[in-house]
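*Asks:* Summarising the annotation, TrEMBL assigns L-histidine binding site to ASP32, LEU33, THR34, ARG59, GLN75, ASP79, ARG228, TYR232, TYR233. Taken from TrEMBL, the feature domain 'Aminoacyl-transfer RNA synthetases class-II family profile' covers 52-318.
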Amino acid sequence: LQETLMGKYGEEAKLIYELQDQGGELLALRYDLTVPFARYLAMNKITNMKRYHVAKVYRRDNPATTRGRYREFYQCDFDIAGQFDPMIPDAECLKIVHEILSDLQLGDFLIKVNDRRVLNGVFAVCGIPESKFLTTCSTVDKLDKMPWEDVKNEMVGEKGLSPEAADRIGEYVQLHGGLDLIERLLQDPKLSQNKLAKEGLGDMKLLFEYLTLFGITGKISFDLSLARGLDYYTGVIFEAVLLQQENDHVEESVSVGSVAGGGRYDGLVGMFDPKGRKVPCVGVSIGIERIFSILEQKVKASGEKLRTTETQVLVATPQKHLVAARLKLISELWDAGIKAEMFYKKDPKLLKQLQYCEDTGIPLAAIVGEQELADGVVKLRDVATRQEVRM
């Protein structure tokens, strides 16, 4: 239902695909996997769950296909729902992102971490009214794409903040670091007076201690400019970005930016529960197409050939009128669980069939000609070495 999605995404709501069914019911295509997950938990009264989900989502955005940005795309989400002690599941989510990005060998990456409470605390001590927290948030979120001057202009020009307040925000949101920065901010005369910021920084400190135990702090940065545009985050937020290699001779388009993001959303399930029962949740979402576009560019640059199938053997025939022999043989191979292919032509040329094996990297060809049929054998050819054995 359209109302399921409304009021959860803030300024990004304009990117939701809305539609009407035959009965005039107002529907919408899902924008992410998080809101449907929260609705599912509430509907089924589930208070404890850990799950992953890979599925399509839809955004009425301007596509940039070269960078792996589409209107219909896959996300892979991992979420932990339930009442637990602070920062333990949050640390695990970050560990998972770190593990996935390391295993995929996409190159150097950085996971930026922040906390909505710290940001809201910063806004409060800079004199921003609470009613403007969320819109200020979505402007700060653009700092990775635009210089501070442009962000400040948007705050003052479009969001109606005073230039002084914007400058005060600027002093904070341009900071990034690790435990040392968290300690420094805990001592900050203004921030330490703010209850929200203090809570958030305390949790950040705990999180970084856990991440140190996981041995992954080298790739993690506490970054005050990270805001994430979505409204439903309540605590920790994070985003993984790929870093451009300096000496690469690859075109500019490789810097794909964000490949994963997530955070804590403790209020979302309660929005769907008729009694408002809350289930704290933390999760992470990985953009699959974005990762594909990087992997594709890497393969292209390296010039190596990637196999697109797992076919083990091509069933081939050297003469005409042997389609029956191929069908019988391939059926036996399929039944035995062997990955086999054949040409869908009645009388293909042998050279064409062998060439196809070379092009697609199929290692073996099983050849049945008139002679083989008469002798009750199959000729197995190793495509790369061109050696043949009769079996």
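Glycine is treated like the rest: Cβ placed from N, Cα and C.
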*Asks:* Mind computing the max CA-CA distance among ASP32, LEU33, THR34, ARG59, GLN75, ASP79, ARG228, TYR232, TYR233, which the record assigns to L-histidine binding, rounded to whole Å?
*Replies:* 21
*Asks:* Here are some binding-site residues: THR34, GLN75, ARG228. Which one has the most Cβ atoms within 10 Å of its Cβ?
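*Replies:* Checking each of THR34, GLN75, ARG228, the winner is THR34.
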*Asks:* Are there any residues at least 6 positions away along the chain from TYR233 (L-histidine binding site) with a Cβ closer than 8 Å to its Cβ? List them or say none.
*Replies:* ARG116, GLY263, ARG264, TYR265
*Asks:* Among all protein chains shown, how many Cβ atoms are found within 10 Å of the Cβ of ASP32 (L-histidine binding site), not counting that one?
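*Replies:* So the Cβ neighbour count for ASP32 (L-histidine binding site) comes to 21.
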*Asks:* Averaged over the whole of the domain 'Aminoacyl-transfer RNA synthetases class-II family profile' (52-318), what is the pLDDT?
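*Replies:* When the pLDDT values over the domain 'Aminoacyl-transfer RNA synthetases class-II family profile' (52-318) are averaged, the result is 90.
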